[in-house]
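**Q** Pasting the feature list from TrEMBL:
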TRANSMEM  B:21-47  transmembrane segment
DOMAIN    B:80-295  domain 'ABC transmembrane type-1'
TRANSMEM  B:83-105  transmembrane segment
TRANSMEM  B:117-137  transmembrane segment
TRANSMEM  B:166-191  transmembrane segment
TRANSMEM  B:212-237  transmembrane segment
TRANSMEM  B:276-296  transmembrane segment
Amino acid sequence: MRYRLGMAALAGSVAFSLSPAFATDLEVTHWWTSGGEAAAVAEFAKAFDATGNKWIDGAIAGSGGTARPIMVSRITGGDPMGATQFNHGRQAEELVQEGLMRDLTDLATKEKWAEVIRPKSLLDNCTIEGKIYCAPVNIHSWQWLWLSNKAFTDAGVAVPTNWDEFVAAAPKLREKNIIPLAVGGQGWQATGAFDTMLLELGGKDLYLKIYQDKDSEAAGGPEAAKIFKAADDARKLAKGSNVQDWNQATNLVITGKAGGQIMGDWAQGEFAVAGLKAGTDYSCLPGLGVSNPTLATGGDAFYFPVLKDEAKSAAQEVLASTMLKPEVQVAFNAKKGSLPVRGDVDVGSVNDCTRKGLDILAKPDSVVKSTDELASADTQKQKEDLFTEFFANESLTAEDAQKRFAEIISSAD
Amino acid sequence: MTSTTLSTTRPKRPSQLFRNLSAKLASIPMILTALVIFLGGTVWTVVYSFTSSRLLPRLRWAGLEQYERLWATPRWLVSIENLLVYGVLSLIFSFVIGFVLAALMDQKIRFESAFRTIFLYPFALSFVVTGLVWQWLLNPEFGVQNIVREMGWTSFTFDPLYDQSIVIYGILIASLWQGTGLVMCLMLAGLRGIDEDIWKAARVDGIPMWKTYLFIVIPMMRPVFITTLVIVASGIVRVYDLVVAQTSGGPGTASEVPAKYVYDYMFQAQNLGQGFAASTVMLLTVAIVVVPWAYLEFGRRKRV
């Protein structure tokens with residue numbers, strides 16, 4: 001996902017197959033540089049090379065926050081790449097409005113994207129004024145609580161099955177010097193944890209009222225106050241997790257030094273790499289274990305800047321079509337740890353947690369748009385500033401934080 | 001009638017415009033660069049700070065909206081406060097330490113060049129490397145705190161980077177370590193420029209050494225001090241990479257600085273207008289300091 005820090009910039013060097021005689025080189029930029037991510041990208045590269053073209057890997061180390069400015073300045077500066085990753089949502093909105101992105105409507109109609117891509121909202125994100133400008137490739141969701149079975153066994157309490165039990169078990173963990181909740185220092189992590197609590201504990205309606213309708217009264221109201229109360233609990237539980245990166249925080253859970261972490265499904269890749277098994281070594285609670293969990297559909301999409309070179313433009317269409325082929329979707333998403341955007345493919349045997357996620361996604365009522373899709377990058381950044389401070393600074397009370405939150409929502413777009 | 005005869009009789013002076021023509025021609029590219037890139041870029045930024053530009057610059061006027069929002073943003077206020085604390089302390093300490101080191105170095109000590117190299121060495125490292133090194137040194141689990149604890153003082157606590165109230169001092173330490181060597185070298189060059197005879201005269205008059213430094217040498221070193229001030233101060237205002245490498249602005253927003261606000265809002269938040277407004281305020285801050293000083297400095301020189 002967008003957040004992986006570039007530990008493995010080297011891993012970005014994808015192995016290329018031999019290029020055929022009339023290959024068109026197409027540079028593709030993305031920020032997938034960790035081990036699992038690079039392996040997933042290699043699946044795209046392999047499939048694209050098999051079409052007779054050549055994938056030139058333009059991995060940008062660092063998180064999306066580092067990579068996106070580089071991508072945008074290349075496109076606006078007149079040096080566009082062949083294709084580039086963005087998250088589902090509004091990150092490339094203005095680039096499309098300026099006419100810098102290629103219109104994929106014809107291809108989409110020909111290949112019936114509207115029928116195969118699920119949930120439909122993903123294609124809506126790519127659609128501006130009736131035209132389709134991007135190809136969604138995967139679905140990630142934020143709303144998971146990952147628990148270390150070892151930590152709870154050590155503390156002598158049962159592994160919680162929902163958020164309330166988790167909060168109740170926390171003092172026992174503290175007694176054993178275990179941090180109940182691991183939260184990394186980067187702003188987006190605290191924000192994601194809050195948004196997850198808002199969606200699950202506050203309910204879908206409140207979430208949509210605040211982020212979709214930008215209703216500042218709801219954001220400042222008593223229902224949201226409860227969520228701030230829960231976030232206040234969470235920051236107390238998180239005290240002592242002196243790490244920055246999300247995977248370091250996940251590692252605290254893996255090693256049993258922390259009880260749990262609220263983090264997106266990409267965290268599962270870390271558990272897999274560490275050789276842990278879902279159910280026995282770690283547990284997952286989609287939607288924080290509430291009775292009616294909702295998942296938001298974040299993830300990534302590829303955009304294709306307008307190019308002058310005709311051969312390259314043709315290759316862009318081939319790439320877009322390749323990325324959405326059923327077999328490529330399965331191979332890519334298996335390595336990425338995300339879910340395919342096509343509802344008509346068989347993902348094969350998956351573990352407990354992924355199965356739970358798939359079951360929730362199958363119910364249209366349990367799926368909402370992610371905050372990246374609903375709010376602008378500007379609003380997201382302001383929220384990040386607020387929540388990173390809220391989690392680090394205990395003298396900022398829940399009431400004051402809520403007041404500031406309501407102000408952000410009132411000017412949000 | 002008279003005026004025309006006067007003008008014809010007066011010897012014609014060569015036009016000022018064509019004096020040193022080749023030198024003037026040669027400086028045209030630099031003048032253009034300064035006008036177009038520096039001045040032009042600045043004006044462009046200021047103009048667009050009054051718009052509601054998001055990802056791309058667009059001329060949609062928003063009046064003072066961006067500035068109102070800026071001064072209502074807690075993170076910006078924290079940034080300004082940090083810059084003040086960091087700037088004032090960094091100026092004082094780098095000047096005092098740098099001058100004392102230079103004065104000590106000037107006592108005709110042995111191995112002077114070796115010491116000079118050692119003190120100047122940190123300056124060869126970029127702020128990013130400096131920041132990472134000090135992030136590790138100040139990390140409670142690997143760094144100084146751990147070493148002292150292992151030596152037996154188990155209650156010793158020194159973790160500035162994880163404490164909101166003192167994190168800016170952790171950054172100050174790293175920047176002093178990196179920058180003091182340069183100040184020392186500049187000061188040393190200044191000291192070497194002081195005539196030996198002045199020292200002899202002071203000694204004959206029986207003036208103690210510290211007084212000679214304070215009342216004779218330092219006033220004579222005025223140009224060196226001003227050069228150093230400009231170099232150090234410009235480094236302070238644009239401090240960014242050190243903070244990113246050491247704390248990324250954390251914990252929370254406790255070590256944010258204005259330059260980081262500008263970058264984050266221009267690129268991560270995709271809000272150019274807000275970033276431009278912040279950078280315009282930074283420019284104004286610098287102007288408020290520099291303009292009165294330049295006026296005094298150059299105004300006086302003309303009168304002499």
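Any Cβ shown, glycine's included, is placed from N, Cα and C.
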**Q** Given the transmembrane segment (B:83-105), which of the listed stretches B:21-47, B:117-137, B:166-191, B:212-237 has the most Cβ pairs that are under 8 Å apart from it?
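**A** By the under-8 Å Cβ criterion, the transmembrane segment (B:83-105) pairs most with B:166-191.
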**Q** Given the cut-off of 8 Å on Cβ pairs that are 6 or more apart in sequence, determine whether the transmembrane segment (B:117-137) and the transmembrane segment (B:166-191) share at least 3 such pairs.
**A** yes
**Q** What same-chain residues lie close to the transmembrane segment (B:21-47): Cβ under 8 Å, and 6 or more beyond its ends?
**A** 276, 279-280, 283
